[in-house]
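Enquirer: Taken from TrEMBL, the feature transmembrane segment applies to 6-27. Look at TrEMBL and you will find Val124, Val237, Gly497 tagged as FAD binding site. According to TrEMBL, the feature domain 'Glucose-methanol-choline oxidoreductase N-terminal' maps to 290-304. Annotated disulfide bond per TrEMBL: Cys418-Cys460, in sequence order.
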Amino acid sequence: MELPQVIHGNGIAVFFFLVGWSVCFPIPPQERTLPHMTSNVNEVSGKSFDYIIVGGGTAGCPLVATLSERFSVLLVERGGSPYGNPLILDKKFYGLSLLQTDEYSSVAQSFVSEDGIPNLRGRVLGGSSALNGGFYSRASWDFVKQVGWNEEMVKNAYNWVESRVVFTPELTPWQTVAEFSFLEAGILPYNGYSLEHIEGTKVGGSVFDNRGKRHTSADLLMAGNPKNIKVLLNATVKNVIFRNKDNRTEKIAHGIRFIKSDGSSHKVHEAYLNQPNNSNSMGDVILAAGALGSPQILMLSGIGSYEHLKSFDLPLLVDLKGVGYGMKDSPGVAVLVDSKPQKRQPDTPQVVGITDNFNIIVESGILPISFNQTRIPIAAKLAFPASKGKLELSNTDPRKNPSVKFNYLAKEEDSRGCIRLAKLLQRVERSQSIAMFLGTQKHKNNVLVMTSEDEWRKFCKENVRTFYHYHGGCLVGSVVDRDYKVHGVKGLRVVDGSTFSESPGTNPMATLLMLGRYQGKKILEERKQIVTN
């Protein structure tokens, strides 16, 4: 995701954003059919489907499209449609959709972590891809090997995504300046345009096409079979329904309970999985609700720590203590290089610097702070923080945010990494390229003027913010297995960023898009083997 935010403190303006994805070819005309979408809960209530996907975000939409090739799929999204909303779809309005949030209906839902850091999460079909800066870059192949994915299937899944929603950007004047400033700061080599995760300065892909139109993950639904897809918008899943399997104690997912997202009604509706004669050939409920939503729904369904669920009078289904643990967020810091707000047009990141053995990622954009003013930040993040936190319920209303703490810079190695990051920002903002763009003399635009390690440490502690690349809560191993099936039950999977122990690449978006396609293909293969046997 790539959400802009500027926070002022101690004379320093701090900014952060969530990064997105890229595109190379338009969707073929024969694939430009969106499935049926409705906000009428009565169209879905009581109905049965082969698969139920909870969350129409980065991973959810490509997953739905893939499964629909052979099966009927219900997609339940708590937000509305991105289509027809110029604040989402037009690049010239980048960031404006994030400036106004409300409790139930805004496309971005705000929350404040227990660390006291403001944050955002997507609440719209397309998820973060409808809100972010659109920067697309793959995970490293070391990451792919580490998580045990099939490399050929990963390549095919990336290609499937990129042929539909990823474009080669044409650098804007500011992005050219950012590119040269990174190189001046020593972020080498220069790699030109690349979708691969490689050290140095490079141009990445973008989900904005050459007309300035955003292509979200929702566009990938057009690649599915529209006759097999039903999309329920503005509905929030309350919990997963389970039944006993073959009159035994083993629990199997049977469906979902959901309510309207707008807070107008607490009436509970249900939708179910189809039940073929052979229970082994049944489909799944698949949570793709994100790093906050998926662990929250598991807990509300009775899957989590017994002690924690007991405190909310929730009946225990599975005592799975890993739910909500391993939460991480890449700590970020940014400086504004312009001296005051201007009326420049918003500009999304197209160039990235990857350095410090892949540990530091730096980029820049022009971000709105109001509907007629922008600022220019240079922002960097620690890609692999050692500090971890956890997520817990704060109430039992699925429309409200859970409680989460990331423990930014709690580990000494993160604090040292932030100092290296801040010193890099100092070199970038002192570059001749930026000075020339701003019309100032070199070194006159000094925002960071620290001399001692203690001053740098204090700066990091006071100015650390989110980069919106948070993940964890349903980690592979502790909560789901390598097929993303939840431990202790049948017919329930999690396929989203909550399963990641690290954020892949420059940002998770490209890999989450790939993951939805990848896991969809794996599930289709699995079902084919069941039928064959």
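Count begins at 1; order follows the chain as displayed.
Backbone N, Cα and C define each Cβ position, glycine as well.
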Enquirer: Relative to the Cβ of Cys460 (disulfide bond), which residues of the same chain, six or more apart in sequence, are found under 8 Å away?
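Expert: For Cys460 (disulfide bond), the qualifying residues are Val333, Leu409, Ser415, Cys418, Ile419, Leu421, Ala422.
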Enquirer: For Val237 (FAD binding site), list the number of other Cβ atoms lying within 10 Å of its Cβ atom.
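Expert: A count of 27.
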Enquirer: Compute the average pLDDT of the predicted model within the domain 'Glucose-methanol-choline oxidoreductase N-terminal' (290-304).
Expert: 98
Enquirer: By a simple count, how many Cβ atoms lie within 10 Å of the Cβ of Val124 (FAD binding site), its own Cβ left out?
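Expert: That number is 28.
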Enquirer: Give the residue counts of the domain 'Glucose-methanol-choline oxidoreductase N-terminal' (290-304) per reduced DSSP state, in the order helix, strand, coil.
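Expert: Taking each residue of the domain 'Glucose-methanol-choline oxidoreductase N-terminal' (290-304) in turn, the totals are 11 helix, 2 strand, 2 coil.
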Enquirer: For the recorded positions Cys418, Gly497, work out the Cβ neighbour count at 10 Å and name the residue with the minimum.
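Expert: Comparing Cβ neighbours within 10 Å for the recorded positions Cys418, Gly497, Cys418 has the fewest.
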